[in-house]
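Novice: Below is a structure I'd like to ask you about.
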Amino acid sequence: MLKSRNLIQPEDFSIEEIDEILELAQKIIDNPSKYSRICEGKLLATLFYEPSTRTRLSFESAMNRLGGRVVGFSEPNSSSASKGETLGDTMRIVSGYVDIIAMRHPQSGAASEAARYTEVPFINAGDGKNQHPTQTLTDLLTIKSLKGTLESHTIGLCGDLKYGRTVHSLVKAMARYKNTKFVFIAPEELKMPDYIKEAIKGHAYYETNNLDDVIGSLDVLYMTRVQQERFEDKSEYERLKNYYILNKAKLEKASKDMLVMHPLPRVNEIDIDVDSDDRAVYFKQAKYGMYVRMALIIKLLGINED
């Protein structure tokens, strides 16, 4: 049983609780039929105020594969938000209909605000440029499954580190594991925010704008797209969107067992010629997301998985 009934940010769970979720996700991967009816009679609401493919569909697939059902909306114009209904009122109403809620919202901090009004477990499926904790759990499962441990890795994060909520959540989560080192690879305009660097005090980190110089030292390279939707000045986005492009030639400088990860969607930052490389695990990573969300739903609903 998890101590918190909500997941707003990775720190809501202890390392032991995260390990429990990852272990359950692995059990589901190994024997999915065992869990195919465990959420029968349960209802998940997916409330997506912002476009999503992987996160929304993986939540819906997760609940369906557990034997539960899903209701919700995929964009705000199909909800009463378009009529001016407050987030709090929406949460009060929806939590009276369902057993668990997953919400994505473009505003940073919206998840913690929404959770105040729910009477059922609540999952942050991404809030603005703030946090994306279920992606973080997915990333942790990917690293643990393929590297065998979450300790003693050098993690390179490349691209939009200013607006990328996935990297903010991942850095804070990985900083809880021993001997983790970080390399932040970004242009000056998209550097990792100071509040994230402050949160990982005590861990070694290095900042650079040159991927070629550091790729050979990495255990994991986490590529990100430049977040077009966060830019007010579109010319600035156009100038920065292709700042980093990972291709086969660049990969020749990397170690043979480095993992190339990406939260997806990608734009141009990973060339398709990388897809066939054994180190490219981003499609496997996306599939792991469904299993992590299956495990999280089971845990937050307090269902005995045995």
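Each residue, glycine too, has its Cβ placed from N, Cα and C.
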Novice: Do you know which of R37, R104, R239 Swiss-Prot groups with R54, T55, H132, Q135, L264, P265 in the carbamoyl phosphate site?
Specialist: R104
Novice: If the carbamoyl phosphate site is taken as the center of the Cβ atoms of R54, T55, R104, H132, Q135, L264, P265, which further residues of that chain fall within 8 Å of it by their Cβ?
Specialist: S52, T53, A125, G126, T166, P263, G289
Novice: Pick from R104, R225: which of these binding-site residues has the biggest number of other Cβ atoms within 10 Å of its Cβ?
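Specialist: Result for the most crowded candidate: R104.
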Novice: As a test of the contact definition, list every same-chain residue at least 6 positions from P265 (carbamoyl phosphate binding site) whose Cβ is closer than 8 Å to its Cβ.
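Specialist: Set apart from P265 (carbamoyl phosphate binding site) by at least 6 residues yet with Cβ under 8 Å, we have T53, R54, R225.
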Novice: So which of the binding-site residues is most packed in, judged by how many other Cβ atoms lie within 10 Å of its Cβ, out of R54, R165?
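Specialist: Result of the Cβ crowding comparison: R165.
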